[in-house]
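Worksheet: one structure, shown below.
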């Protein structure tokens, strides 16, 4: 009897509970998945790091006022001197892309600025949107009622849909809003326009700049984002305005931080503007709209 009991004990220990390999296999798969993600993030950091270092070095140089004044006054060779435009009363209109102004008391190379630059470059690197490719149908939120929608819900048939990403604390975005408003007024018969309010470029508790026209902290909730968007809506053109989600899904999909312009037509990205502040050029959008209008109506439009 003792031998039989001992043998039964040994056999019982060797069998183990049924399905014991299930949790182990799940844990192994999870470990492999996390390892792959870590490798992908490490590889992306290695690719982005030289670009980030170059930007950080440029910001450090621009903290020397003599360099800042010389560099910011110099016009980029790809952006020729703009044409002088007159309104109906013969008065000179402001340019589409006024030069970026940075006050002397603003430091550009700080921990907060480097965090913001890294965040923007990372979003641009991982964005889903590319010119000529399909437009990401990311989630947006209506400011009235917090109703969830999709970006392509605002596209109507084959009409182009212009996306304008930005926030109140972004000086170039706000400085060029009047030029964007002129385009909305001129082309809204054939083109749809949508402003997407994203996370603040220069929140009062982040990368602070005295050049920002408003003092707004980072959004902690959709209510905060709605309050900021209403400030923009007071002086915004007569086009639809929606909010990015608190997960920043649209800004991530389009690499839109700090600000950016896109044109979507029939679900395809027809124009992808550069990432702000340097690449945010309303004049480029105007050129695209003029060409589209010429193709549509056969005559070159007169500038406002």
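One-based numbering along the chain as shown.
Any Cβ shown, glycine's included, is placed from N, Cα and C.
Long-range C-beta contacts of residue 170 (active site), restricted to its own chain and to partners at least six residues apart, with a cutoff below 8 Å, comprise 200, 201, 202, 212, 258, 259, 276, 277. Residues annotated as active site in Swiss-Prot: 170.
Per Swiss-Prot, region 'Disordered' is recorded for 1-22.
Residues or ranges marked as topological domain 'Cytoplasmic' in Swiss-Prot (evidence: sequence analysis): 1-42. On the 0 to 100 pLDDT scale, the topological domain 'Cytoplasmic' (1-42) averages 63 in the predicted structure.
What Swiss-Prot records for 43-62 is transmembrane segment.
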